[in-house]
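Asker: The following block contains the structure, expressed as structure tokens.
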Amino acid sequence: MNIVGNNLADRLVLAAVIALAIVWVAPLMWVFALSFKPNEFLTQRTDVIFSGPFTLKNYIDIIGTSAVFRWIVNSIIVALSQTLAMLVLASLAGYGFARTEFPGKNVLFVLVLAGLAVPEQAIIVPLHLMFADLEMHNTYTALILPRLAMPFGVYLMTQYFKAIPRDIEEAALLDNASRLKIFFRVILPLSIPAQATLGIFTFLHAWNDYLWPLISASKPEMYTLTLGLASTQSNFGQSEGIGYLMSQAVFAGLPVFILYLFFQKYIIAAVSGTTVK
Amino acid sequence: MKAVADHGHGRVHGARWSNALFIAPFLAVYLALLVAPLVRGMWTSLQDLDMLSQTSEFVGLKNFADLWGDEIFMGSVRNTFCFVLMSTPVFVVLGLALALALNRPGRTGAVLRAIFFGSSVLSVTIVTLVWKLVLMPHHGLLANLANAAGLPGFSPLTSEAWALPTIAAVTVWWIIGLPMMLFLAALQQVPGEVYEAAALDNSSRWRTLVHITLPAIRRTVVLVAVIEVILQFQVFGQAQLLTQGGPNNSSRPVVQFIYESGFTHWTLGNAAAASQVLLGIMLVAMALQMWVSGRKEAF
């Protein structure tokens, strides 16, 4: 089914893409390889990969001395809570907009859609002031809540629920089931693909979020992993040494990367929107 | 049509106040944490609000006038536009090129797709840490390669001319996977028959691309360009972590200006005003999007 062309051109294109792919992975491979070398060696040479001294000391140092485990736990708490809360809020609201009638619905839907145009960067100053007024900075609540106001999820779920055939609901309605019952028994199970899309999006976004944690969490014990790693970059390459920094990048990046390899199919489907159509 | 169906089952389909309860939880969060901050931000942008000197008074549009005369702010607006102009075309062209090359069945294609997409699951702090190491002046991977090739070493992150293009290049390395995947999804929607017809016609590869493939996926090309423009206008972490906006303010984007004037200088009125400017720019970008997507129906 591919474009039919001559074989030579096909091979040249493939060779070029493979070369580019090598350029793409080279930085990661280099950092990974050197993370197993002693700091003292790396101050002399960083161009020896396969030979020379090897050590696990950099990783042992991370486990022993840094707050990285605390940051990982914080990231898991924040990302999971945000994802679950987002799925609940967006599913309920999406169903309400797509399948029920109530006074003022259309006005409210337009009001919510207008929020799609507001980038979160544009409201960080007032958000900071509001959480400061409530003395809620450096709490999980402050890290979790603001992103839940972003209307993308509601928009996604509304579109999805609208596409589910009405007949499926009619049967349940004739059975005298309540709205809420229909939502949980009939509609929610049908929307699992959309839930997966929104869930993956929300989780990745929360895990990788940098700006809001940077503003809200000022105590190191409330840092997320993304923010914590940034805080160790400020004294770049001076105190702990290059090898330590490299092992930190691997330590923080590898779990996400392995998760990605496991859930690749779903993540790619979520990103390219194929489950939504 | 819908109204008729609603009458048929008026008991449940009819307008009822209780149905609004489905919306209520989200609406509460939305009003409290998006609408209220938006309004408060506009109000704050009209105040001289300084957290360090604890002052707060209404000053009208003074903050905006100050921004207009602030070389660092105007520079950050220029930098942001330059950054968008450098990165977006690469996202569209390279993303499309990769998608065309990797739209093939089999293992090789799958592995290559995974490689180009994989880096986008890493957080901005890991990406910038890796690239700071790669670009280290004497011991970085790039310095090693230059050394091996007999070229003089150079340090792009401390060069006024190269800092911003380097941040753009790192951004492309980071998230080229998103446009590539959007293009791949679009290519797979193109029916195979049109290609078979082109093959019978003995069309060249280039002609097939220009006359069949591109017209078939033009919506996605527009969509990717719009998504990238909107996303790249919000650039922050890469710049802050790779160069701190330097050297000599040559790579500071608007969001970093907002962050610094708000949370390192604590002049929140000023930061709120800069946020309104960013919001304005984004609204214009979105209006353009609507205009383009309205027009493309007519293509």
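For all residues, glycine too, the Cβ spot is worked out from N, Cα and C.
Found this in TrEMBL, in case it helps:
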TRANSMEM  A:12-33  transmembrane segment
TRANSMEM  A:71-95  transmembrane segment
DOMAIN    A:72-263  domain 'ABC transmembrane type-1'
TRANSMEM  A:107-131  transmembrane segment
TRANSMEM  A:143-161  transmembrane segment
TRANSMEM  A:182-204  transmembrane segment
TRANSMEM  A:242-263  transmembrane segment
Asker: Do we see three or more Cβ pairs under 8 Å linking the transmembrane segment (A:242-263) and the transmembrane segment (A:12-33), pairs being at least 6 apart in sequence?
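Answerer: As far as Cβ distances go (cut-off 8 Å, pairs 6 or more apart), the transmembrane segment (A:242-263) and the transmembrane segment (A:12-33) touch.
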Asker: Under 8 Å, at least three CB pairs between the transmembrane segment (A:71-95) and the transmembrane segment (A:12-33) (pairs 6 or more apart)?
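Answerer: No, the stretches stay apart by this measure.
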Asker: How about long-range neighbours of the transmembrane segment (A:182-204): same chain, 6 or more residues beyond its ends, C-beta under 8 Å?
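Answerer: For the transmembrane segment (A:182-204), the far contacts come to 79-80, 82-83, 86-87, 90-92, 95, 99, 147, 152-153, 156-157, 160-161, 164, 168-169, 172-173, 263, 266-267, 269-270, 273, 275-276.
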